[in-house]
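Features reported for this protein in TrEMBL:
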type     : residues  : note
TRANSMEM : A:38-63   : transmembrane segment
TRANSMEM : A:83-104  : transmembrane segment
TRANSMEM : A:141-166 : transmembrane segment
TRANSMEM : A:186-208 : transmembrane segment
TRANSMEM : A:220-239 : transmembrane segment
Amino acid sequence: MSYLHNIGAYFLMIKEMFRKPTKWSVMRGLIFKDIDDLVIGSLGIVAFISFFVGGVVTIQTALNISNPLIPKYLVGFATRQSVILEFAPTFISIIMAGKVGSFITSSIGTMRVTEQIDALEVMGINAINYLVFPKFIAMMLYPFVISIAMFLGIIGGMAACVYGGFSTLDDYITGVQMDFIPFHMTYAFIKTFVFAFLLATIPSFYGYYMKGGALEVGKASTTAFVWTSVMIILLNYVLTQMLLS
Amino acid sequence: MVEVKEIHKSFGDIKVLKGISTTFEKGKTNLIIGQSGSGKTVFLKCLLGLFTPEQGTISYDGKVYSELSADDKRELRAEMGMVFQGSALFDSMTIAENVMFPLRMFTKQSKSEMEDRVDFVLKRVNLADAHKKKPSEASGGMQKRVAIARAIVNNPKYLFCDEPNSGLDPKTAIVIDNLIQEITQEYNITTMINSHDMNSVMEIGQKIVFLKDGLKAWEGSNETIFKTDNETVTDFVYSSELMKKVRQMYLEEKQ
């Protein structure tokens, strides 16, 4: 029953997020702050992880190609496909569920514990619109983060491939350019937008509706991470089935 | 004026408010007192519209809250100011931004007009030099005064205070009490204060509502509370030897 209750409450929160909007002059500042906190603030860790995981994907692929009949450029091809289709949109989103999700849950949850949300409600402000809507808008720039993850993943793969002596730069670039299907980018960005929505709203839900004190803020952050990850994995499966099969 | 008629509120099987009726008058400091667990905070949150009572009505100058539309409720709430027990200041904003917040949300004033109003109310609560500080850099007493400034900046009709003196030293507590009373009379607002502090009861309790086990056990003023024979009230208010002596001296003086 509690799962059903939570699902219902989540969708009511989404509806409330678009009602009774906060004054634009105030909302604008909140959106820019959330873009800074959620998007710009995540670029460093995303760049670092993307570069090195791209490198690891390349090394693993190269080491597993033992048949001399398989051309070396397949390393670049496999890296591109892995990075664009799954690593950048899905794997980075799971990492972001930890970084951005726990930040959102703990910041909103702390506002709940310290009665700041009550203060907003007493003033007659739609607290859900005030707190969640700017995060939702900020996360609409998330595909920009994923584009950087894709680019750096492929560059990391290239560095590992060339400097690790697995193939030449020309082979790698040939592989990266081979049989490119533009719809794969569309598929990746559709997933990214869906995941961005989940990343903004599920942690907000757990922060907004949490009850208790500081300990519960920590528990809410963990629960938000778990459920955001579960929903990302589930919707990843559903979208892949719908769009690629 | 705020009029409460027979309100009931439960959480699961636990009945917290069991039919409270009272009236809070304009221009007066109305105190709600009672032991921990007597239902004071739930009562205050019902008055604020944060909790919905299962039965009974609360009307604000004739407007019955439960009969208002969602938008009208929000409009009414914009006429309320609230001082929370923990101040509830926004951590991410400076003190001046905290005080300016209701003006930014609900008025069309220019930036300079808002700054002038913020300067005025911060001076009013004796915090003329605290504009740029963050709430975390302010003491408990300062935070309470900022919360009062934020509550009154938009000229509210109703001011609610939840334990405004909790965690403050006696001297600062008196400053806060006097400030609330002065503001109430100056702006002719209806002030409702949830308090444990017997000093506040004696100093500013122009009307006192005593709650026990979710019921109104007594109501009166800081004058009548000395004379009452209601044992429930006297057991609570005059629980310390010092307060018993104060009461005795007061009654002897009156005779």
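A Cβ is built for glycine as well, from the same backbone N, Cα and C atoms used for every other residue.
Since the structure is predicted, the reported quantities are computational estimates derived from the model, not experimental observations.
Proximity of distant same-chain residues to the transmembrane segment (A:186-208), defined by a Cβ-Cβ separation under 8 Å and at least 6 residues beyond the stretch ends, is recorded for 6, 9-10, 13-14, 17, 38, 84-85, 88-90, 93, 96-97, 100-109, 111-112, 117, 127-128, 131-132, 135-136, 138-140, 142-143, 146, 150, 217, 220-221, 223-225, 227-228, 231-232, 235-236, 239-240, 243-244.
Here the listed stretches are A:38-63, A:83-104, A:141-166, and the one with the most C-beta pairs under 8 angstroms to the transmembrane segment (A:220-239) is A:83-104. Outside the transmembrane segment (A:83-104) by six or more residues, the chain places 37-38, 42, 45-46, 49-50, 53-54, 57, 135, 139, 142, 145-146, 149-150, 153-154, 157, 184-185, 187-189, 191-192, 195, 199-200, 202-204, 207, 221-222, 224-225, 228-229, 232-233, 236 with a CB less than 8 A from a CB of the stretch.
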